[in-house]
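Below you'll find the structure, written out as structure tokens, and then a few comments.
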Amino acid sequence: MGSEKDSESPRSTSLHAAAPDPKCRSGGRRRRLTFHSVFSASARGRRARTKPQAEPPPPAAPPPPPPPAPAPVEAQAPPVEALPSEPAAEAEAEAVAAGPEEDEAAEGGGAEEVECPLCLVRLPPERAPRLLSCPHRSCRDCLRHYLRLEISESRVPISCPECSERLNPHDIRLLLADPPLMHKYEEFMLRRYLASDPDCRWCPAPDCGYAVIAYGCASCPKLTCEREGCQTEFCYHCKQIWHPNQTCDMARQQRAQTLRVRTKHTSGLSYGQESGPADDIKPCPRCSAYIIKMNDGSCNHMTCAVCGCEFCWLCMKEISDLHYLSPSGCTFWGKKPWSRKKKILWQLGTLIGAPVGISLIAGIAIPAMVIGIPVYVGRKIHSRYEGRKTSKHKRNLAITGGVTLSVIASPVIAAVSVGIGVPIMLAYVYGVVPISLCRGGGCGVSTANGKGVKIEFDEDDGPITVADAWRALKNPSIGESSIEGLTSVLSTSGSPTDGLSVMQGPYSETASFAALSGGTLSGGILSSGKGKYSRLEVQADVQKEIFPKDTASLGAISDSASTRAMAGSIISSYNPQDRECNNMEIQVDIEAKPSHYQLVSGSSTEDSLHVHAQVAEKEEEGNGAGGGSGGSEDDPPYKHQSCEQKDCLASKAWDISLAQPESIRSDLESSDTQSDDVPDITSDECGSPRSHAAACPSTPQVHGAPSPSAHKNLAAPAEGQTVLKSEEYEVE
């Protein structure tokens with residue numbers, strides 16, 4: 001019953017009918033769509049378009065006929081759907097797995113050769129080793145040559161040729177494969193590390209490379225090298241051989257004097273700008289490594305290759321970025337720093353012109369900021385909205401708002417800038433500039449013996465003038481900086497007759513002043529040289545016509561021109577019976593008083609000396625005839641009648657008055673002069689040579705005539721040399 005109903009129902013007939021439906025295009029097979037099948041089909045389509053078309057596969061065999069008893073649709077649907085999807089999934093997995101391999105192979109094929117950045121040659125990767133510090137690669141030969149060059153030039157630590165990363169020492173060792181060069185690299189690295197230690201001191205012995213790290217040894221500066229066989233003692237402060245009982249400055253001067261090289265112009269061992277060859281050598285101020293630089297006015301900002309110290313080549317001091325903007329006198333380019341005169345003029349100019357300049361800058365900056373800031377803001381906003389697709393109304397609104405805000409804020413910004421900038425500039429001009437100049441010794445301001453402030457200008461570049469000679473005579477100085485001839489030396493002595501001579505100094509850079517006088521300082525000679533510094537010498541010979549002479553040289557040791565020296569006994573030279581020389585200590589006070597000088601040419605000096613000699617002989621004959629027959633032939637020609645010779649020369653102090661040229665009085669009025677409160681020590685008993693205007697009529701008159709023996713010892717002046725001839729000297 002049930003089976004018949006089932007067979008007669010319309011549903012069962014439609015499912016099991018053998019005749020196909022003419023409206024259905026497929027043969028009755030249905031397929032279920034899923035997300036996996038949709039995306040896998042699209043992926044297969046893309047791969048098919050990108051990959052070259054392969055040969056079509058051979059036609060598959062026709063499917064077997066269906067079984068006679070059809071299975072239900074629900075039971076047969078899953079196998080039908082799995083048949084086409086499984087090969088697609090496997091093909092997709094194979095394509096995904098093969099994709100990265102193909103990409104890596106393509107990339108590997110393009111990176112087979114590496115281009116060296118040094119020689120620009122494409123090489124295989126095995127010839128371009130990888131570095132541990134950075135990813136850059138270069139060929140092995142170029143790296144080896146680069147390392148050799150850097151080590152030989154002591155440029156350690158070594159950086160990558162393409163970047164600033166430092167190379168690993170392990171890479172350097174593998175690339176070099178040279179033990180001696182690697183040892184040199186390690187030594188340079190050690191020296192560079194030790195140079196950064198402020199307490200490290202290297203042994204100054206020439207054959208020793210030992211260093212001593214001395215912590216807290218400033219109070220006990222004596223160090224000893226601990227290397228076996230060296231044991232050199234040296235100083236902690238100056239890093240030189242130990243100098244007992246001497247300061248570092250004194251030892252430095254002594255070393256400079258012993259190492260001084262006498263060239264044609266007698267240029268000493270110094271760091272002067274005018275001395276030395278074109279290739280100048282100076283030590284680093286930190287590690288004392290010698291550095292050579294062409295003296296061609298190139299850049300003066302130097303960097304030590306050993307310790308990395310940045311210093312100025314002109315002043316040899318460690319510097320900062322603002323060193324060449326400070327009033328130190330050092331320039332970024334050039335062969336020498338500013339002179340003292342230029343520093344002082346620059347300082348005075350800044351001190352006087354700073355208020356005017358700062359006011360002018362502030363007056364220009366305030367309107368420029370008030371007007372310029374809104375204009376700048378408006379242009380920036382307009383350029384920002386220019387490339388965008390925005391409405392014109394919105395753009396104009398943004399520009400108007402920005403300009404309005406900038407107009408309100410610009411006066412505030414200008415006021416703050418001027419309020420902060422002006423005090424900073426004033427503090428720099430009136431604080432930093434004078435302090436830096438005076439700290440470096442370049443201000444030239446000093447106190448003049450309690451008489452006020454004196455400004456000293458440096459006149460090193462100009463010729464030596466009479467005023468310079470007179471200043472050197474009045475204010476001799478001996479300092480620790482006299483290595484190159486900075487000392488002005490004043491030496492005086494006496495002789496029986498007054499005379500004037502020309503003597504060329506032993507050094508070409510020295511202006512030598514010489515004079516022969518009878519018991520007084522009678523004259524000076526100005527012989528200018530080519531050098532930068534001058535030395536003042538006044539020499540005299542004390543002698544009898546037939547007896548040997550004794551010379552006294554007195555060195556200036558104080559600013560009051562008071563000289564002390566050990567001289568031979570003047571008494572013995574005047575006493576014919578007592579010819580033994582006895583040493584005595586004398587003190588001569590030199591006081592400047594006005595008289596007259598005149599300039600004569602060097603070619604006429606010898607003639608003028610002969611004329612003065614003839615005049616002196618005539619005066620001597622006239623005085624001898626009028627003075628009586630009380631004297632003998634052996635008595636001194638200028639012996640006073642009322643005293644003995646020994647008492648006259650040995651027991652009395654002589655006051656020597658040196659004349660002052662009238663041509664330089666105006667120049668000396670503005671400079672420091674000698675104190676006028678020094679009492680004159682006169683002799684009422686001893687006779688002294690006086691002029692025609694002297695009070696004592698019995699004293700012989702002398703006008704600078706030398707004795708024949710003294711005239712023979714004088715050096716003849718060179719042609720064209722200007723000589724000072726003294727017309728009148730007054731001795732009290």
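Just so you know, glycine gets a Cβ as well, placed from its N, Cα and C.
The region 'Disordered' annotation in Swiss-Prot covers 1-109 (among others).
Marked as zinc finger by Swiss-Prot: 116-165 (among others).
For 183-248 (among others), the entry in Swiss-Prot reads zinc finger, with the evidence type sequence analysis.
Annotation comment: Swiss-Prot describes 284-315 (among others) as zinc finger, evidence class sequence analysis.
The active site feature in Swiss-Prot is assigned to CYS299. Under the three-state DSSP scheme, CYS299 (active site) falls in the strand class. Within its own chain, CYS299 (active site) has PHE332, TRP333 as residues 6 or more apart in sequence whose C-beta sits under 8 angstroms from its own.
The feature transmembrane segment is assigned by Swiss-Prot to 351-371 (among others), with sequence analysis given as support.
If you look up Swiss-Prot, you'll see 412-432 (among others) marked as transmembrane segment, on the strength of sequence analysis. Proximity of distant same-chain residues to the transmembrane segment (412-432), defined by a Cβ-Cβ separation under 8 Å and at least 6 residues beyond the stretch ends, is recorded for 326, 350-351, 354, 358, 361-362, 365-366, 369-370, 373.
Positions annotated as region 'Disordered' by Swiss-Prot: 598-644 (among others).
Look at Swiss-Prot and you will find 660-732 (among others) tagged as region 'Disordered'.
Helix, strand and coil content of the zinc finger (183-248), in residues and according to DSSP, is 14 helix, 13 strand, 39 coil.
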